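Below: the structure, in C-alpha cells.
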Ligand SMILES: Nc1ncnc2c1ncn2[C@@H]1O[C@H](COP(=O)(O)OP(=O)(O)OP(=O)(O)O)[C@@H](O)[C@H]1O
Ligand SMILES: [Mg+2]
C-alpha cells in the first residue's frame, strides 16, 4: 500500500509538470480559438534564453526578469507580424501560422544561443523527504506548488477579471469582440506574452530536469493527452488532466508493466486520451461546442 | 472656397450638421469586388434611419464601413468619407469609434456563445473606465429594457433563443453608452411578435435614452413603421430616399418591397428594370 501511494504521489507531482505545459496551450486556445503548435518552441526558447543569459554571469533574478521581458516582446512581435493579418480568418489558417512560427522560433533559439545542452540549476535538490512514511521528491513538490499557484491565478484571472472576460469573448468571436470595442491587437499581444511567461516557468522546471536542449520541444507531446483529457478551454482541466496522465502512466508502468512489457509509460497517456476522445470529445472540463446560434 | 460656396449641402470643407454623415463611399472587397458604388446618407441626431434593400444590396457593408469593421473582412473604403459629429472617423479603429459612442450590432447577433448572458453584457462596457457601481447601474438599466435577460442572466448565451440573443446583442451595445447604434437586421430569423417586441424596445431606447439608430433591414414594412427616414439601397447604390411614411406609401416601394407578401420580392432583373424606369421618370 505504501508503495502504491508513493508511485501515485510521484506520478501526480510529475503530472503537474505536464499541466504546466498544457496551460500554455489553453491560454492561447481560450483567447484565439486556435491550437498553438508553437508552445513547445516557446518553452525551448524561454529556457535557452534564460540559461544563456545566466551563463553570462547575470544573477538569477535579473536573468529571469530579462527573459520575461524578451518573452513579452516576442508576444508583441508575434501579434504584429503574424496574427494581426489573420483576424477573422478560419482557425486552420491560424493553426498553420503557429506551425510556421514554431519552426521559426526553434531556429531562432538555436541560432542565437547555440545547440549545446545546458544544465539548469534552480537550487532545489531532488532529494526525497519523508511525509508520514511516504517519500516525496522535494523538487517535484516545489514544481507542483509553483504550477498550482500559477494555475489558480490564471483561472481567477480568466473567470473574474474584465481582461479575462474579454479574452474569452475574443476566443468565441473575433468580429463580435471588435464590434464591442475590444482591441484585438492588445489582447493577443497580452495573451502571447502570458503564454511566453508560462513557457518560461515550464521551460525552467523541465530544463532543470532534462537539461536545456532541443528535446524540450517534445515535452509538448505529453501535453496533448493532458489537453484532450482536461479540455482545451479549461485552466482547471489542464491541471486535472495532468494529474490523471501523470498518475496513470506511472501506475500503469508499475502494475501493468510486468504483464504487458515495459515502456507502457510512453503510450499509456495516448491510449487514455483516445478512449476519452470517443466518450467525451470536449474533455472533462472543456466547453461543449455549441452548434446552434 | 468660392467654387464650393455655390454648391448646396455640405462638402468636405464644411462639417456636416448631422450626427452621422456618410459621403459617397465606395467599398471594394479583396481588392477587386466593387460592392458600394458611392453611397451617401445622413442620420440626424435622435432619429431612426432605415437602410433598406434586398439580399446583397450592400446594407451590411455600409454599416461595417461606418464602424470600421471591414478591415478584418478584407474590405476597403476606397473613396468617400464618414463623419460623426462633424469629425472624420473613417481612419479610427473600431474600439476608438466605440469610445466616441458608435456601436454596431452585427447581423446574425454574434453573441459570445460560451459566455453567460450577463458576461456578454459586461463585455459591452469594455471600453469604458467606469466604476463597478456605475456598471451595475447600467446593467440594471439593460435588464429594465429586456426583463427576459435578467431571468436568463446566468445562462450561456449560446443556448438562449434567437430573440434572446438579439436582445443580448442590443443590450451589449447599450453597455457602451452609445449615442448611435448601427443595427443590422434585427428581425432576421425571428417570429413576427418577437420582431415587434424588439422594435418597440428600439423605439423606447430612441425616445428615452436618445440613442440614434441606423437600421439595416430587409423587413421593409416593419422598419418603415418605426423609422423616421429611409434609404433604399440596390446593388451598391442609393436608389431612393425619403421620409418613412412617404416611402411606405410610395407606389414603387409598395410594388417592390411591400406588395408582394411572403418571400416574393422581385428578381434582380426586375430591380434593374425598376431603376431604368426611375431614370425615365426623373
Ligand atoms: N467579405 C466579403 N468578400 C467579398 N464579397 C463580399 C463580402 N461581404 C459581402 N460581400 C458581397 O458584397 C455584396 C453586399 O453584401 P452585404 O452583406 O453588404 O449585403 P446586404 O445588403 O447586407 O445583404 P443581406 O440582406 O443579405 O444581409 C454582396 O454581393 C456580397 O456577396
Ligand atoms: Mg446584411
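Backbone N, Cα and C atoms are what each Cβ position is placed from, and that goes for glycine too.
Nobody curates TrEMBL annotations by hand; they come from automatic prediction.
According to TrEMBL:
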type	residues	note
TRANSMEM	A:12-29	transmembrane segment
TRANSMEM	A:34-53	transmembrane segment
TRANSMEM	A:59-82	transmembrane segment
TRANSMEM	A:94-113	transmembrane segment
TRANSMEM	A:133-158	transmembrane segment
TRANSMEM	A:187-206	transmembrane segment
TRANSMEM	A:226-247	transmembrane segment
TRANSMEM	A:254-279	transmembrane segment
Highest-contact recorded stretch vs the transmembrane segment (A:12-29), from A:94-113, A:133-158, A:226-247, CB pairs under 8 Å:
A:226-247
Which one of these stretches, A:59-82, A:94-113, A:133-158, A:187-206, A:254-279, has the most C-beta pairs shorter than 8 Å to the transmembrane segment (A:34-53)?
A:94-113
Give the nonlocal contacts of the transmembrane segment (A:187-206) in its own chain as ranges (CB under 8 Å, at least six residues past its ends).
17, 20-21, 23-24, 27-28, 31-32, 36, 39, 42-48, 50, 64, 67-68, 71-72, 74-76, 78-80, 83-84, 120, 122, 143, 146-147, 150, 154, 163, 166-167, 170, 177, 212, 216, 219
